Amino acid sequence: SQYSAVDTNPLSVYIMQPIWNKIIKIVPLWIAPNLLTFSGFVMILVNYFLISFYDWDYTASGTSPGLVPTWVWLFSAFTTFCAYALDSIDGKHARRTQSGTPLGELFDHGLDSWATSIFVLSFFSVCSRDNGKTGVSVYTMYIYLSIVLFNFMCSHWEKYNTGVLFLPWGYDISQVVLIAAYLLTGAVGVEVWQKPFLFGYYITDALVILLIGFSLFLSFPQTLYNIHRAHLKKTLKNDSLYEGLLPLVSPFLLFVLLTVWVVFSPGNILAKQPRLFLWMVGVAFSNVTCKVIVCQMSSTRPELFHWFLFPLALVVYAAISGLLGWMEEAVLAVFTALVTAAHVHYGVCVGRQLSEHLNIYIFSLKKRVQE
């Protein structure tokens with residue numbers, strides 16, 4: 001299918017696009033677009049693990065500010081900008097080198113679906129978790145992450161139904177806000193997040209309110225409106241309501257299962273291991289979303305129940321029934337490792353199958369020799 005995306009965000013159109021058009025001229029023509037996409041993702045990962053090293057349990061900024069060195073925040077701003085730039089120019093570079101393929105589209109959106117959660121998880125280190133005085137509770141973090149992932153999912157669900165990807169306005173705004181937040185933290189220190197700045201509200205409160213406002217009152221209604229318009233124009237990909245809603249079943253059940261675990265965990269798993277748990281949430285959502293992206297690109301039907309739901313349901317049942325007892329954290333760690341390995345394996349397999357099918361290399365513009 002021909003890739004079509006629409007970007008109407010003034011920040012993107014008038015400010016960022018001209019910058020990307022300048023940057024793209026520096027990129028050598030022999031570099032494969034997927035290499036740009038992947039480099040950006042690797043930078044996000046390196047940054048995430050660096051922050052995790054200094055702040056495993058999200059307390060560094062709150063209880064002992066200064067535990068995370070200033071250079072780490074500045075490095076975060078730098079990597080976030082680079083990843084944002086690379087993610088924005090990979091498509092332009094593909095058109096420039098006439099190497100745009102469905103593999104590139106899937107590679108780009110698939111990695112974005114994972115990067116989305118990693119951006120959010122890195123940012124939580126800036127605000128730190130609730131310590132009675134300042135910070136954000138781990139439950140707020142979980143809801144916040146879920147809303148961001150729901151937003152991402154929506155734009156691909158919309159494309160599944162309309163055939164057009166309307167780039168959400170929130171994307172450019174969130175990237176610019178993230179970079180600014182890291183620079184501010186590097187310049188002033190994490191204390192800036194722990195002082196009320198307006199009417200007794202903290203900056204973090206304002207960001208949470210902004211995010212929820214953007215998602216529920218801008219992005220989501222826009223998605224429904226675009227689907228409604230396609231319905232009126234008779235350009236919808238799916239005739240029945242059942243077909244149209246099918247991709248949302250697995251993400252919804254995934255969210256329900258995870259929320260049941262969070263709320264009914266006897267050992268309060270989210271408070272004990274927020275970083276592990278939220279990482280697992282991000283990976284699981286990414287895999288579910290990737291399946292939807294593949295279905296949407298290949299015009300196939302998504303399955304009703306994603307296979308992750310079955311082992312997850314078992315683990316959740318064992319945890320909340322008290323079967324796991326003191327082993328709950330260990331089981332979470334093993335489950336997280338398995339889910340992550342399965343997701344990476346899935347990505348590698350799909351990439352290899354597509355590269356063989358389309359007769360191209362993933363990270364090189366050289367043509368494959370026909371066997």
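Cβ coordinates come from backbone N, Cα and C, glycine included.
According to TrEMBL, the transmembrane segment annotation covers 26-50, 70-86, 136-154, 199-220, 241-264, 276-294, 306-324, 330-348.
The list of residues near the transmembrane segment (26-50) in space but at least 6 beyond its ends in sequence, with Cβ under 8 angstroms from a Cβ of it, reads 72, 75-76, 79-80, 82-87, 89-91, 93-94, 96-97, 99-100, 103-104, 107-108, 111, 114-115, 118-119, 121-122, 361-365.
The list of residues near the transmembrane segment (70-86) in space but at least 6 beyond its ends in sequence, with Cβ under 8 angstroms from a Cβ of it, reads 19-20, 23, 36-37, 39-41, 43-44, 46-47, 50-51, 54, 115, 119, 122, 126, 175, 178-179, 182-183, 185-186, 189. Comparison of 136-154, 199-220, 276-294, 306-324 by number of C-beta pairs under 8 angstroms to the transmembrane segment (241-264) places 306-324 first. Residues 58, 112-113, 116-117, 120-121, 124, 127-130, 168, 170, 204, 208, 211-212, 215-216, 219-220, 223, 248, 251, 255, 262, 270-271, 274, 277-278, 281-282, 285, 288-289, 292 of the same chain lie 6+ residues outside the transmembrane segment (136-154) yet bring a C-beta within less than 8 angstroms of a C-beta in it.
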